[in-house]
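A short write-up of the structure that comes next.
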């Protein structure tokens with residue numbers, strides 16, 4: 001079942017239904033273990049299964065109490081007025097609960113319901129499977145003979161109906177039961193117990209994946225092994241100082257063919273001349289990173305066409321235009337990330353995504369003449385808004401400052417010759433409010449606990465919100481902790497306390513800039529839990545005294561016997 005937060009929605013219809021409550025039922029049977037991002041609430045229905053919220057009942061004049069067999073509620077108690085559960089429950093915390101609804105002299109109690117704490121990261125129902133090759137999903141809707149493929153569950157629902165994802169497929173320990181695989185046409189494709197495919201011939205087979213009683217199926221289409229069929233490129237514009245051209249080879253199914261060698265492939269100019277395109281007498285073709293590379297001995301300004309064959313079959317032509325930009329002035333500039341994998345959207349507080357280095361591409365017409373990673377003499381980089389993003393005038397390094405947009409310009413003197421827009425985001429949750437947890441009136445600190453225990457206790461005292469969303473508290477959120485006696489602080493990523501100095505007073509939590517820089521103060525109550533007294537180690541004189549007492553005790557019975 002899906003756990004829903006008990007909200008504040010209210011309607012006249014609900015109000016009318018709740019004027020007379022004759023039956024109350026506790027209906028939650030499963031909850032998630034561990035740290036959850038959204039609060040979990042126990043649920044209740046009235047009368048004939050009408051699901052209601054605590055707010056609904058209270059507006060109808062009723063008082064609600066959730067009672068549990070263990071201290072599972074957010075207030076760390078066995079009773080709660082809201083039914084909100086605390087974080088970090090485990091499988092050892094399975095419990096029972098009931099709901100008591102009262103109004104005036106009437107009281108209605110539900111039966112006890114058992115609640116199981118389950119791992120919300122375990123898949124009980126597969127909802128997506130993919131074919132995998134070398135640990136990565138293939139992007140084709142078919143397989144080809146000779147491929148070594150396996151089936152992986154990449155999406156599935158947990159006990160609460162939430163969809164989980166695993167790009168490389170879920171490991172066995174993240175599945176509620178052992179995955180079972182079956183093929184409807186074993187003569188086309190066999191599938192092993194661990195999901196490995198054995199492709200036998202062209203055709204279609206339905207592959208079924210089962211976890212427990214839940215199944216998912218897909219049609220596996222098997223095609224012939226790929227072969228060189230054509231090339232993708234039909235035109236190319238080259239500079240006269242370039243010495244090669246990269247070409248993409250396609251197979252008979254319309255997919256890219258990863259070229260391992262150039263056996264059987266040839267290239268020639270359509271003109272039969274070498275005045276524009278001169279090919280070398282040897283190694284005119286080469287396979288590099290799965291691509292076909294055409295090498296040139298020399299290029300000169302003009303046009304010609306490359307003709308590429310596989311044996312006697314022509315697999316494509318490339319119309320080549322060669323331009324000489326050596327003595328031509330740059331007429332346009334373009335700003336792009338220096339790293340091809342980078343983008344122009346930055347995130348303020350993510351160390352790996354709050355900067356980008358720009359480089360300058362220089363064009364003559366639509367031909368790239370060259371690139372520069374730094375501003376050349378007489379040029380500089382400038383930002384339209386330093387409050388959003390700054391830029392190093394020489395290196396072109398852009399640094400995010402605040403959410404928004406800024407235009408980075410490449411300037412020659414005072415003339416802008418190229419621009420690019422930078423978008424700055426802040427994906428870190430911005431804390432808007434901090435409250436004491438339900439039922440608490442002060443932050444209670446046990447001065448006799450270790451730093452680690454103290455940290456956990458402090459976090460258990462607070463509810464932290466980003467808008468309406470409740471967040472789990474972590475040490476990195478806090479910039480500082482201060483109290484009236486300067487006894488509690490953050491040092492080295494830990495909460496520390498001077499036990500002798502700590503006293504009741506006020507405690508102030510200040511959250512870091514990345515989380516919104518909010519400060520909140522609360523009443524502070526300092527306690528010291530009872531520490532077991534250590535037995536005193538006897539000194540030399542004490543040992544002698546103990547021995548004498550033992551001797552007297554041993555001699556006393558003898559004297560009594562003589563008497």
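Just so it is clear, glycine is given a Cβ too, placed from its N, Cα and C backbone atoms.
From a predicted model like this one, the values you see are computed outputs, not experimental measurements.
TrEMBL tags one of the stretches 490-526, 527-563 as region 'Disordered', and that stretch is 527-563.
DSSP labels the residues of the domain 'BIG2' (377-423) in these numbers: 0 helix, 30 strand, 17 coil. Summarised as a single figure, the pLDDT of the domain 'BIG2' (377-423) averages 97.
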